[in-house]
Amino acid sequence: MFSRRIFRPLLALALIGSAGVFGAQAQAQTANQPATDSMAARVQGCTACHGVHGEGTDNDYFPRLAGKPADYLYNQLQNFREGRRKYPPMNYLVTYLSDDYLHQIATYFSNQRPPYPPPAKSNVSATTLARGQQLVLNGDTAKNIPACAACHGKGLTGMQPAIPGLVGLHSDYISAQVGAWKSGTRHAKAPDCMQQIASRLTDDDVTAVAAWLSTQQAPANPVPAPAGSLKMPLKCGSEPQ
Ligand code: HEC
Ligand code: HEC
């Protein structure tokens, strides 16, 4: 089930990967257009999985990119290029792209403002949802788990320059990512605060936070909080303070 859903777009990728990302770039250059105008064409190879404006698709494992802080997206593209995150199509697509080009792509998706999907209807129990809400908003002092909102913001829209919003993501995507930190297949720059937090969550906790987060409505103005505006309970290497 997992692998069928996640790999179905691979054929599309094989067809559009080169034509989309690289071909469009060459085309734009021959047409002598400024790089910014051709960005939509350049990222065609990405939109099959991430949506035309980075809004995501209804595939549970393909994340929304739109509106996340540019440096967060940039860090992820570098993580895929350097193997700190593993998903073969993503690793392959960014292998030969320069830092400068990755930064342009990150900025492009960060500036997109497509509407958020309606919040998911949860299929977990009310007790599980309540546990999720508790962890996200207040954490669990006994287990040394800080509130997710302490860094991801009260509105869960993230913080500049590099903390992502958690609204508009599917519950399966969220639990897969937190699970990847727990099992050591996803890494961020040291100190990797998400790895520390994930390792303190039980599998049930992960299900609970993912389920509650996916039922949340994005705020009316879903922009990330300004840099330095939240007092982070742990140091994170990817978020300079
Ligand atoms: C075959 C489908 C597919 C294609 C094509 C694709 N992606 Fe992805 N992308 C994914 C999946 C799935 C993930 C999550 C992978 C994981 O589990 O870590 C992801 C993750 C990402 C992330 C990290 C998002 C986050 O919130 O952490 C970024 C940034 C990204 N992709 C950008 C791109 C760009 C730019 C392109 C085009 C050059 C692209 N992707 C093409 C499927 C795809
Ligand atoms: C100390 C600050 C901090 C706290 C507290 C925190 N996070 Fe994070 N989180 C981060 C940072 C920084 C990143 C970006 C890491 C990277 O660059 O890959 C992140 C990334 C994430 C991502 C990846 C999003 C994506 O699009 O792939 C998820 C999911 C996440 N956090 C969930 C949580 C949950 C759930 C909690 C609470 C249990 C939590 N975080 C608490 C700092 C924090």
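Every residue, even glycine, has its Cβ placed from backbone N, Cα and C.
Those TrEMBL annotations? Automatic predictions, nothing curated.
Remember, it's a predicted structure, so these values are computed and weren't measured experimentally.
Using a 10 Å Cβ-Cβ cutoff, C49 (heme c 1 binding site) registers 21 neighbours. Residues or ranges marked as heme c 1 binding site in TrEMBL: C46, C49, H50, M90.
Non-local neighbourhood of C151 (heme c 2 binding site): M159, I163, C193, L230, M232, P233, L234, C236, E239, each in the same chain, at least six residues away, with C-beta under 8 Å from its C-beta. Residues annotated as heme c 2 binding site in TrEMBL: C148, C151, H152, M194.
Marked as domain 'Cytochrome c' by TrEMBL: 33-113 (among others). DSSP assignment over the domain 'Cytochrome c' (33-113) gives 46 helix, 0 strand, 35 coil.
Per TrEMBL, domain 'Cytochrome c' is recorded for 127-217 (among others). When pLDDT is averaged over the domain 'Cytochrome c' (127-217), the result is 97.
As annotated by TrEMBL, signal peptide applies to 1-26.
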Given C148, C151, H152, M194 as the binding-site residues, which ones have a Cβ positioned under 6 Å from some atom of ligand 1?
none
Out of C46, C49, H50, M90, C151, M194, which binding-site residues lie by ligand 2, with a C-beta less than 6 Å from some atom of it?
C151, M194
Check the Cα-Cα distances from C148 (heme c 2 binding site) to the binding-site residues C46, C49, H50, M90 and tell me which is shortest.
H50
Inter-residue C-alpha distance, H152 (heme c 2 binding site) and H50 (heme c 1 binding site) (nearest angstrom):
22
Residue counts (helix, strand, coil, in that order) that DSSP gives for the domain 'Cytochrome c' (127-217):
52 helix, 4 strand, 35 coil
Between M194 (heme c 2 binding site) and C49 (heme c 1 binding site), the C-alpha gap once rounded to whole angstrom:
25
